């Protein structure tokens with residue numbers, strides 16, 4: 001009998017908690033839902049029909065227009081994005097892993113100093129770097145090339161920080177020692193022993209760096225004038241600025257936004273166990 | 001024979017092992033450098049050199065020989081550029097705007113994130129992975145695209161939200177002079193709440209369960225456990241998310257730049273970074289460098305200041 005009020009109380013709070021979380025979930029889903037609905041509509045229906053309800057299904061025509069507009073430049077932007085973000089994150093992860101592993105497993109003079117310099121790098125705003133980089137790159141003729149965006153993107157101080165934590169946590173010192181006793185060189189030890197043990201961590205670093213490059217709007221905007229070198233974000237930004245003069249672009253901006261984010265969201269859902277461990281490690285200070 | 005040979009190699013190997021261990025057990029200097037250089041070379045070139053170059057630029061000034069039409073040359077100007085930054089009313093206006101933005105947006109976002117993290121950590125909630133993924137999903141969306149998505153939800157012609165509010169007799173103007181800052185703040189909140197929530201949630205999950213059992217035996221309610229035990233333990237994560245948020249706020253560029261495309265109430269100097277870019281576009285690189293350096297210094301001071309302040313208070 002005495003437990004009755006407690007049960008009622010927990011039912012009330014359970015309902016309240018679920019209601020609150022559903023409200024928040026609607027908030028997070030709303031813009032994406034709106035985008036999905038809008039991407040399926042003909043341009044004419046965008047303003048004249050309810051934004052949250054489907055009208056005529058025109059998605060495939062919208063996609064065709066999107067990918068054929070300006071000689072198919074959207075497809076080029078998509079490939080550029082893959083180049084900047086996927087390849088940049090892959091190279092960045094590898095060099096972060098080598099450096100973080102060395103900082104974790106090798107004892108040498110100046111180790112802590114180097115690590116503090118890298119940690120200081122985490123605090124430097126990337127936007128503060130972009131303008132001086134532009135001046136340096138224009139002096140060396142690198143502005144308006146793929147490399148102008150790619151090269152600075154591979155550097156991730158945060159990646160080194162994570163790699164060091166992960167190397168300490170997942171590569172036992174005894175294993176490194178015994179590989180040395182077996183006569184394996186340090187690189188052999190790294191690639192055949194440590195690399196495998198660190199794989200989940202490396203996927204995490206890759207994902208974080210991928211998002212950082214994918215999100216970095218300021219650097220490509222400063223470096224690139226040639227439209228053919230743009231990543232999707234910069235291209236859509238430019239189209240979006242032209243919709244006042246060319247209203248038909250609106251539908252392509254909407255469809256293009258959907259095309260650009262849905263694959264990334266799916267990858268994130270599929271790989272969630274990786275970024276969750278990454279966040280867990282990042283939060284342990 | 002083979003037995004002796006093996007024993008001999010083993011002896012050599014173990015003596016070499018012992019010698020290495022006495023030396024500190026590490027590889028040769030050349031090997032260490034080979035591991036470090038692939039990161040450090042680009043780090044120096046694309047991080048340290050630009051920082052140094054910005055500092056150098058910021059103490060330069062452009063002068064002209066003769067009158068206004070004389071040839072220009074750059075020379076050392078000391079703190080002239082910085083004096084100009086501090087006298088620039090647009091700079092202070094942008095700092096004031098971003099300060100107001102941060103003082104409101106950061107606490108609201110982190111409070112919501114904390115509540116969500118605490119709720120995800122209770123047995124009260126079901127569908128946990130659904131809520132976790134939904135909240136984190138915006139992290140995969142770039143700021144530019146998030147701002148484009150929200151700008152359609154703000155625009156009077158397209159927005160279902162504006163329609164809905166009109167239906168109940170309101171006349172919302174999300175892009176008006178008073179509202180547009182908060183419309184931008186909403187985009188940041190949408191983007192980053194879930195990310196911050198997950199950092200806090202990850203920290204909550206590493207707390208040993210026995211602690212709660214002990215507290216329950218002492219008669220603590222769920223409420224007390226949450227505020228008196230969980231929150232203090234994850235304080236370092238809350239500090240971390242606050243510092244990240246401060247850095248993010250001071251760097252604000254993409255979201256207001258996108259909203260500027262549809263609202264005349266966002267100027268080209270709306271945030272400090274937009275001001276730096278506008279000045280650089282006017283070819284005044286020395287002044288732009290000085291602004292960038294000032295933004296970076298403010299970022300450092302606020303981040304470190306906040307960390308020191310909270311670590312003293314919490315005794316961490």
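Just so it is clear, glycine is given a Cβ too, placed from its N, Cα and C backbone atoms.
Taken from TrEMBL, the feature region 'Disordered' applies to B:1-22.
Feature annotation from TrEMBL assigns transmembrane segment to B:29-49 (among others). If you look at the transmembrane segment (B:29-49), there are no same-chain residues 6 or more away from its ends with a CB under 8 A from one of its CBs.
Marked as domain 'ABC transmembrane type-1' by TrEMBL: B:95-306.
With a threshold of 8 Å between CB atoms, the same-chain residues lying at least 6 positions outside the transmembrane segment (B:98-121) that come near it are 128, 131-132, 135, 181-182, 184-185, 188-189, 192-194, 196-198, 200-201, 204-205, 226, 230-231, 234, 238, 241-242, 245-246, 249-250, 252, 271-272. The transmembrane segment annotation in TrEMBL covers B:98-121 (among others).
Summarising the annotation, TrEMBL assigns transmembrane segment to B:133-154 (among others). Using a Cβ-Cβ cut-off under 8 Å and counting only residues 6 or more beyond its ends in the same chain, the transmembrane segment (B:133-154) has close neighbours at 116, 160-162, 174-175, 183-184, 186-187, 190-195, 197-198, 254-255, 257-259, 261-262.
Feature annotation from TrEMBL assigns transmembrane segment to B:174-192 (among others). Taking Cβ pairs closer than 8 Å, the transmembrane segment (B:174-192) reaches residues 97, 100-101, 104-105, 108-109, 112, 138-139, 141, 143, 146-147, 150, 154-156, 159, 162, 245, 248-249, 252, 255-256, 259, 262-263, 265-266 in its own chain, all 6 or more past its ends.
Per TrEMBL, transmembrane segment is recorded for B:233-254 (among others). Below 8 angstroms of C-beta separation, residues 98, 101-102, 105-106, 109-110, 113-114, 117, 142-144, 147, 184, 188, 192, 196, 199-200, 202-204, 207, 271-274, 277, 295, 298-299, 302-303, 306-307, 310-311, 314, 316 of the same chain, each at least six residues beyond the ends of the transmembrane segment (B:233-254), sit close to that stretch.
Per TrEMBL, transmembrane segment is recorded for B:288-307 (among others).
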